[in-house]
């Protein structure tokens, strides 16, 4: 089937994979077969490696919302917004030489914080993000800071406008602390493809933070900012969230305006959110969601108040998720997935059962086809979208006597090797004689992926899987093996092809020798069902025992 997809460039190591909530409980009635991982772990096929817990020197209390804590402190006048801003700036200065999350730090942080303090003195109403320090991925336009997309071709570029998501955050009182590092134009899974610097993982600075939103994830993990924005085309929010031990959400396509987001693959790109807790992530998503007339793909569907639906765990019953139908995607626990990841996900699934969920395995027949189809579609769209960076319309110009030489020299000098490779791949897939064999076939696979997800979600309330087949790996380990790096996106790309929302939150650890590394659980829902994902994630997060997802380098007295 679909044999025309089997070009060596697109095999992607296929052989490695076989593939208004106010009540105290979520009542989803269903008669389902329980999928007991407690038994599975004791079977003859049980995996010996067990999930690791964080260092016993750290407390294991559930994470609390930094945003709500900040607002309470500001409104009670216990602390000023300027003091909070100075604290984060000091921490950023101390950790940045090792982490390298930011490409640019705003010069207006203190000034913007002072404005918040003046509003409080005047007893004016504050927005939902008042005094909150936010990092913004560098492919999201900001009028007062450079926006390079991680590329030399846009080095020094300052947009004349804010992206809609940024504009909405400012209206809610957010203080933009700076622009975060990323793989060039979002093309990468490690942030090593940035044209400027390599970001490291706060849990282990010899490892990658994931990508392409690695700077945004690392900044939240290292507590350099409270929350951050990223973008997700094939997993660029969810995979780094897993690697860095933070919460990340990819909303439904159309939920958040893409106006001001530098286009990579327009039918797949979404702006997503990072936070240290589910509540923080929900508050940020609330602030940036909604229809935008400047984005033709923006949905007009009403946005519920997501954060207000997250109830306190003190009001929960013993089985707060009783009856919730959970489908575990069987193809995500097969060959090619690290045994530590499998055992951690099994433990997380057992926790969901303890909360009252009914868990069963589900199969997505098209799962293994999604990865090669994704890279055809994304590369094809990028070859079109990035044609604007030619030194004339956009991008730094290299002097030349002829126009064709100017185009060629500007792009050759300004674009990195990974971007060039994907442009070439996309141009090839769209070329005469190959369009039907590659691009058209990939679109047909996309239809199959959507169909399989719909059928699975008709039978289940949510689907779960690992966010990545491994924990964070060493810097440079896969830099020269693009197919191995692409294969790491196997867990996430299908969600983008289907346009569905997905939440990733840390669920456990695996032992890497020197330190324990976090593992993320991916929760997938039906279109525009972010509220359900956040409610389930919040309850899971607040009831998980024995884990605290704070990097060893972060001062314990601050982290929560």
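Note that Cβ sites are derived from N, Cα and C of the backbone, with glycine treated the same way.
The region 'Disordered' annotation in TrEMBL covers 46-66. Annotation source TrEMBL lists domain 'Amidase' at 83-534. Residues or ranges marked as active site, charge relay system by TrEMBL: 137, 212. Marked as active site, acyl-ester intermediate by TrEMBL: 236.
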Around residue 212 (active site, charge relay system), how many other C-beta atoms are within 10 angstroms of its C-beta?
34
CB contacts for the residue listed as 'active site, acyl-ester intermediate' [other CB atoms within 10 A, all chains]:
36
Near residue 137 (active site, charge relay system), which residues of its own chain have a C-beta under 8 A away, given they sit six or more steps off in sequence?
179, 180, 182, 213, 215, 216, 228, 229, 230, 231
Give me the Cα-Cα distance between residue 236 (active site, acyl-ester intermediate) and residue 212 (active site, charge relay system), rounded to a whole Å.
5
